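Enquirer: Before I ask anything, let me first share the structure, which is written out below as structure tokens.
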């Protein structure tokens, strides 16, 4: 450089500048002397740089950097805030002082805020850190209350960061813009919230120590907030929080349902008495069920044998019917006793061998005491019901024993018995099924499963883990809905306390027994259907639809897993993943439940995650509600509106002899009028999808709009649409449509 002869006192700055230029642009010293007349980073003229050795040192270290920072507020109507936003950039070597984002701007819904006072509106901030910054890896946000204004939460969509150079040179890391996704609510109470850029990744792929520490500190903070608690000893643990407000906005949601028409169910609260006649039952149904075609079909066919079996395959609880090749030793039937109900050229032994005998076993209820409703004792039974697959492909009941222990006071009821005896025996089976359906198939296998996996996910998988992002849309809502259920449905003076036969005293025993006997295979659709022998039954529409949905979900999950795991070795080495399944096992079901103790392969991970997603979406639809593309479907009301088909309690003990029951006697077994209608009103409210219903495998989270994720979504949504179209076409030809697993009507999560 030809700038005159420097004095001895200025030699050091010249030497420093030459070294700096060689480091920054990689040119030879001779070339650098000719071309680097200014600082290559900040364009500070050489003569000015000579005057200030400190500025020169900053330039040599790369501290003089300018960044365009854009803060995006989400577009929802309540996403904005009055609060002041402070922002810092955190690099691999240091961080910048906080900068106020919205001194001259407002964080309005859908707005873009700039950190700049430039007239062109670009988000420009001059960074002069006190130490090395290095590559920017995190953005720190903090909300502060603005005096005189309400302290409102703020929903941040993302922060974008762009390094601005004043000379033509490649941008750091070759990237034009760094995107720091947020897509969540921020509160002043949260303190510092740090966002990171880059794609989702496993811990082993993290190269920056600062980011590794961020990943760890995020989990440590979550573990302080999300703690394990106990609702019932011996069952999967739940969230330990005192109130819903402690969940915070990111784990809370507002469930807004369409208006529920309870007009014809209200007004019976004062009638704590039995129904006087079947005519009175029919009068109540004529108004409460007049718009429900499925309920009308139930009322017309509820006493028919084929329809009893149909409900065990496709009703509220399609998870219990099981093929058997041996008669249970405590079921007192003989071949001669059942011969009239089997093909003329066959026997019980031959039908067992052919796989044509099925069993419903309600042993979970054995020996349990019934609830007290309206001051009256109610009763539980633990039936064994034997069914036969006939030549028409129908599964029909052929024997019912109402208690587990055989004896002279526990007769086996048969289709050839007096009609009222046989009808009452089937009603007892339906009542037992109500208890098992609500508490085990519905609450334990969907709600409790979702909460168990949600807590473990929040505690063990950081937000940047790919499985955290895949799972949370399916399980996030479980924390709130389960807290509400424990505080209302399953609490004193709630429906189970005042209207359901199991009651608060017995519910813990049922859930403990179910938790102790559940097996992982029963939660995985292909294994469950195969083990129960219902996978090939011609009229098992639940089995057919569930298998197809499972297969589509599994392919989707496997594709997601393979985006981030390079093989089975990566699965084995993912400590966060292994901690996740260990946490589920520690706080979940019994050690004999067959859950994987750890994950060895991509296939194992994919199967388990598929099980979680299916349980929280499709299974919940199959046992609670669904919404078809043709009409609203309320599964529980469909089968319960005609009271004798699904009584929530029984007011008299099981009969101990045959031939003593009349039609009027049957009415005296059914729930009192007020409690029966309270159950129906509860089921109506529980069966309402929200107005913001999100269908299966549709996601609102920004992470699912990434190219690789979007391609997977397009594939899975297309496959689910094929299933929807096929179900609609099949149902057009069925007298009784099965729409509960129509994918377009399956909610993405357990939201009610």
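Cβ coordinates are placed from backbone N, Cα and C, and glycine is handled just like the others.
Remember, TrEMBL labels are computer predictions, not curated facts.
I grabbed these lines from TrEMBL:
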DOMAIN    65-200  domain 'PLAT'
BINDING   80, 153  Ca(2+) binding site
SITE      185  site 'Essential for stabilizing binding to COTL1'
DOMAIN    201-752  domain 'Lipoxygenase'
BINDING   442, 447, 620, 752  Fe cation binding site
Enquirer: Within 10 Å of residue 153 (Ca(2+) binding site), Cα to Cα, which of the binding-site residues 442, 447, 620, 752 are there?
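Expert: None, since no candidate lies within 10 Å.
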Enquirer: Over the domain 'Lipoxygenase' (201-752), what does the predicted model average in pLDDT?
Expert: 94
Enquirer: Given the recorded positions 185, 442, 620, 752, which one's Cα is the least distant from that of residue 80 (Ca(2+) binding site)?
Expert: 185
Enquirer: Given the binding-site residues 442, 447, 620, and counting only Cβ atoms in the protein chains shown, which has the most within 10 Å of its Cβ?
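Expert: The residue with the densest Cβ neighbourhood is 620.
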Enquirer: Can you tell me how many other Cβ atoms are located within 10 Å of the Cβ belonging to residue 80 (Ca(2+) binding site)?
Expert: 20
Enquirer: Provide, as an integer number of angstrom, the distance between the C-alpha atoms of residue 752 (Fe cation binding site) and residue 185 (site 'Essential for stabilizing binding to COTL1').
Expert: 22
Enquirer: Report the residues of the chain - excluding 442, 447, 620, 752 - with C-beta within 8 Å of the mean position of the site's C-beta atoms, for the recorded Fe cation site, in sequence order.
Expert: 443, 446, 481, 623, 624, 686, 750
Enquirer: Counting distance between Cα atoms, which of the binding-site residues 442, 447, 620 is nearest residue 185 (site 'Essential for stabilizing binding to COTL1')?
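Expert: That would be 447, nearest by Cα distance.
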Enquirer: Around residue 752 (Fe cation binding site), how many other C-beta atoms are within 10 angstroms of its C-beta?
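Expert: A 10 Å sphere around the Cβ of residue 752 (Fe cation binding site) contains 20 other Cβ atoms.
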